[in-house]
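Participant: Dropping a structure here in structure tokens format, bear with me for questions.
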Amino acid sequence: GMTVAILGPTFPDLAQNVNRNISSLSEIFVGRALGYLCGSVAGGVLFDCMNHFLLLGMSMLATTIGLYLIPFCKTAALLIAMMSVFGVSFGALDTGANVLILALWGDKGAPHMQALHFSFALGAFLAPLLAKLAWGTTASTQNHTESDLDPLMLNRSSEASPDSLFAVPEDMNLLWTYTSIGTYVLVVSVFLFGLFCKKRSRQKKSAASGQRVRRAKYHRALLCLLFIFFFFYVGAEVTYGSYVFSFATTHVGMKESEAAGLNSIFWGTFAACRGLAIFFATFLQPGTMIVLSNVGSLVSSLFLVLFDKSPLCLWISTSVYGASLATTFPSGVSWIEQYTTLTGKSTAFFVIGGTLGEMAIPAVIGILQGLYPGLPVVLYVCFASAIFTGVLFPVMYKLATLSL
């Protein structure tokens, strides 16, 4: 969670470090997303034929190297390439972590799956605090933007180091931020390598004992529907978290401080509900949690559409919407495992569906918002996604239970 979320608060510092303005460095997000897709595919294949702990340890070690090197990149092309490689390692890590939970606990691992995704949300919540409060910053975002737009400043910086690809960054807080997170990831990778060494002697015995393999009658159709389900769910989650600040300031007329608080409460309730879901998953079925999440998302997004100009409704509905979205992904993975055994390839398949939704839906909303600036497009899209996922899950449930 920290490794993914740290890019947001440090993006202006990275742009200044490579002498580029923020708007001209947006390719960094595309590069990371494409790397994530490649890593998810590669991880899905490798986790079916290699030791899980070894591959997770190698992925985290590669992530550590990327975190250590990113602050030293002095050209935009090198930074984008490094971020793409970083995305590959994280894509494999994300797929492998879900596969490992399913391999260890199977359809009994719902609380463990919720705990895994809660740790991601907690890391994403703590990353901005680490970047801007723990280590601080030597220059404000405004100064970064102004210096990036000043041609004389760019030329002066370029003349200082014309041919250097790697160099120590001027902002040492940027270096310490990435180094501290990288060191934490390195420590975790050491523990994973230790588990690999410990479990290696038992590998043949475990493989011989095996697990009971289930395969639903419509296995492939279920995976395709889950792919579409996660496409709209993850797309709506990332879209609302990305656009709620600008929507609140431009459409509702909130102050920037209030809009920032609104953004924080969305991710805060999201993380808190994922933490509570660890305990709820011990006595609630994954399907029940998905239904509750769908109902909460549908009701809160409906109120957002109906009362889009009301600040009070925006605060309440945003809190409910963030809490409702929190448990959907881990519950969906636990739910499908009850009916058909997931392999690395099948897990990677629906993880890629969520990643494509994360890339496509915010981009489409950006285009539509430009065409219809007076309409709350982001609310309409989130409401439509809630309707679609709410209708799609009963179809998936019926398909999964036909063979039973």
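For all residues, glycine too, the Cβ spot is worked out from N, Cα and C.
This is the feature table in TrEMBL:
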TRANSMEM  28-46  transmembrane segment
TRANSMEM  53-70  transmembrane segment
TRANSMEM  76-103  transmembrane segment
TRANSMEM  115-135  transmembrane segment
TRANSMEM  175-197  transmembrane segment
TRANSMEM  218-245  transmembrane segment
TRANSMEM  291-308  transmembrane segment
TRANSMEM  314-336  transmembrane segment
TRANSMEM  348-371  transmembrane segment
TRANSMEM  377-397  transmembrane segment
Participant: So what's near the transmembrane segment (218-245) in sequence-distant terms, Cβ-Cβ under 8 Å and 6+ beyond its ends?
Facilitator: 259-260, 262-263, 266-267, 297, 318, 321, 325, 328-329, 332, 336, 339-340, 346, 349-358, 360-362, 365, 369, 378, 381-382, 385-386, 388-389, 392-393, 395-396, 399-400, 402-403
Participant: Residues sitting near the transmembrane segment (291-308): Cβ under 8 Å, six or more positions beyond its termini, same chain?
Facilitator: 236, 251-252, 314, 316-318, 320-321, 323-328, 331, 376, 379-380, 382-383, 385-387, 389-390, 393
Participant: Taking residues 6+ outside the transmembrane segment (28-46), which of them lie with a CB under 8 Å of any CB in it?
Facilitator: 7, 11, 14, 55, 59, 79-81, 83-96, 99, 343-349, 351-352, 355-356, 358-359
Participant: With pairs restricted to those 6 or more apart in sequence, evaluate whether the transmembrane segment (348-371) and the transmembrane segment (53-70) have 3+ C-beta pairs under 8 Å.
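Facilitator: Between the transmembrane segment (348-371) and the transmembrane segment (53-70), contact is absent.
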